[in-house]
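Q: This structure is in structure tokens; I'll ask about it shortly.
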């Protein structure tokens, strides 16, 4: 009888733990420490709190969202846990920042892209390495990966110590047009998410990567509030459409403009 009571109590504890664990995330889990070597965190010198993500695309350049620009910005590379510092964690400051049309002018749904040149290049290491730019645009239905230190609660600002990752799908742009009023008929953005909801990027993930088949296809831009609602997928700046601009800037053509 005592054994039965003990087993029953253990079962209750296990169920309670499972319920609490499921409530801690917006459809994702802690990223594997080796899967995000290109993921960077943006913060300001004063706040010390990550406000955005970014993507290392070579040893000297980081891709992020225009909405993530701040004064006195800092870029943290090689980070996993905010409580345990990896030996190869590095911090950089921008040497130059570039925006579409040579200015930080973007609408809520367009031209949300920023290219940061680091003041000092970084070297590849155990936890730092760039990711490839896209060779082709992503196909509909493709499963892609999002990641970041953004909030893990849809109702309150609860930021994790480690980056969280989730798989989402590339959706037809018409799905996002149906979800959000005033979206233009065409846009250089990707629509991605889970129609049933429950998996989504959220506050603090902006600027981070949408990774598809080992290439950065999107930049986290914006989405529904609260995060993770059914039929409210996220909008991601389409990197493929900005390839010529990105490559021109990196090659030294500072007057390059984004596609219309």
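The backbone N, Cα and C atoms fix where each Cβ goes, glycine too.
The feature signal peptide is assigned by Swiss-Prot to 1-18, with sequence analysis given as support. The domain 'Peptidase S1' annotation in Swiss-Prot covers 25-251. If you look up Swiss-Prot, you'll see 31-165, 52-68, 100-258, 144-212, 176-191, 202-227 marked as disulfide bond, on the strength of sequence analysis. Among the features that Swiss-Prot reports, N-linked glycosylation site is placed at 83, 123, 124.
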Q: Sort out for me which one of 83, 123, 124 has the most neighbouring CB atoms within 10 A, since those are the glycosylation sites we care about.
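A: Going through 83, 123, 124 one by one, the largest Cβ count within 10 Å is at 124.
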Q: Of 202, 227, 258, the disulfide-bonded residues given in the record, which has the fewest other CB atoms within 10 A of its CB?
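A: Sparsest of the disulfide-bonded residues 202, 227, 258 by Cβ contacts within 10 Å: 258.
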Q: Work out how many Å separate residue 258 (disulfide bond) and residue 68 (disulfide bond) at their Cα atoms, rounded off.
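A: About 18 Å separate the Cα atoms of these two residues.
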Q: Could you tally the C-beta atoms, other than its own, that fall within 10 angstroms of the C-beta of residue 144 (disulfide bond)?
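A: The Cβ of residue 144 (disulfide bond) has 22 Cβ neighbours within 10 Å.
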Q: Within a 10 Å radius of its Cβ, which of these disulfide-bonded residues (31, 176, 191) has the fewest neighbouring Cβ atoms?
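A: Result for the disulfide-bonded residues 31, 176, 191: minimum number of other Cβ atoms within 10 Å at 31.
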Q: In the predicted model, what is the mean pLDDT computed over the domain 'Peptidase S1' (25-251)?
A: 92
Q: Rank the disulfide-bonded residues 68, 100 by how many other Cβ atoms lie within 10 Å of each Cβ and give me the one with the fewest.
A: 68
Q: Counting Cβ atoms within 10 Å of each candidate's own Cβ, which of the disulfide-bonded residues 52, 165, 212 comes out highest?
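A: Max Cβ neighbours within 10 Å, all protein chains included: 52.
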